[in-house]
Amino acid sequence: MVHLTGEEKGIVTGLWGKVNVDEVGGEALGRLLVVYPWTQRFFDSFGDLSSAAAVMGNAKVKAHGKKVLDSFSEGLKNLDNLKGTFAKLSELHCDKLHVDPENFRLLGNVLVCVLARNFGKEFTPQVQAAYQKVVVGVATALAHKYH
């Protein structure tokens with residue numbers, strides 16, 4: 001569970017209503033794969049990931065990034081039950097995909113950076129602090145099955 005004040009919940013959901021999930025999802029996942037290239041091993045079926053340009057232009061990266069942010073959107077609707085919301089994804093990533101749970105934290109941090117880049121001055125320190133709490137909560141929920 002993530003502990004957000006009513007004001008923080010309003011900040012998070014207010015900004016999220018302006019997020020273009022298609023674009024931001026692809027950008028966030030793409031940046032994760034570029035900045036942390038060892039994460040590419042989980043995406044062998046995505047084709048050419050040989051350069052930053054190839055990753056950022058890859059249709060499968062963009063599509064999966066959208067899928068990731070669609071799940072994140074569900075989490076935002078259930079901030080008081082992130083563990084339950086992400087239970088099946090946690091199990092999938094742990095038992096079948098064997099994803100290092102640290103990658104969830106990395107992706108959350110990249111997402112915060114992408115949001116800051118996209119929203120500029122609107123992404124105030126208060127917005128960043130609220131989103132940082134959320135991405136930590138989501139990463140913790142996704143890592144739950146690993147414990």
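Each residue, glycine too, has its Cβ placed from N, Cα and C.
Note that the structure is a prediction, hence the values are computed from the model and not measured.
Over in Swiss-Prot, the protein carries these features:
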MOD_RES   Val2  N-acetylvaline
DOMAIN    3-147  domain 'Globin'
MOD_RES   Thr13  phosphothreonine
MOD_RES   Ser45  phosphoserine
MOD_RES   Lys60  N6-acetyllysine
BINDING   His64, His93  heme b binding site
MOD_RES   Lys83  N6-acetyllysine
MOD_RES   Cys94  S-nitrosocysteine
MOD_RES   Lys145  N6-acetyllysine
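The structure, with features from Swiss-Prot marked on it.
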| residue | record | Cβ within 10 Å |
| --- | --- | --- |
| Val2 | N-acetylvaline | 20 |
| Thr13 | phosphothreonine | 14 |
| Ser45 | phosphoserine | 6 |
| Lys60 | N6-acetyllysine | 15 |
| His64 | heme b binding site | 17 |
| Lys83 | N6-acetyllysine | 16 |
| Cys94 | S-nitrosocysteine | 17 |
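Ranked by Cα separation from Ser45 (phosphoserine), the modified residues Val2, Thr13, Lys60, Lys83, Cys94 are led by Lys60.
Nearest Cα neighbour of Thr13 (phosphothreonine) among the listed recorded positions (Val2, Lys60, His64, Lys83, Cys94): Val2. Candidate modified residues: Val2, Lys83, Cys94. Nearest to His64 (heme b binding site) by Cα distance: Cys94. Here the domain 'Globin' (3-147) returns a mean pLDDT of 89 for the predicted model.
The two recorded residues, Cys94 (S-nitrosocysteine) and the residue listed as 'N-acetylvaline', have Cα atoms 21 Å apart. When the domain 'Globin' (3-147) is classified with DSSP, helix, strand and coil residues number 119 helix, 0 strand, 26 coil. DSSP classifies Val2 (N-acetylvaline) as coil under the three-state reduction. On a Cα basis, Lys83 (N6-acetyllysine) lies 27 Å away from Lys60 (N6-acetyllysine). If you take the Cα of Lys83 (N6-acetyllysine) and the Cα of the residue listed as 'N-acetylvaline', they are about 10 angstrom apart, rounded to a whole number.
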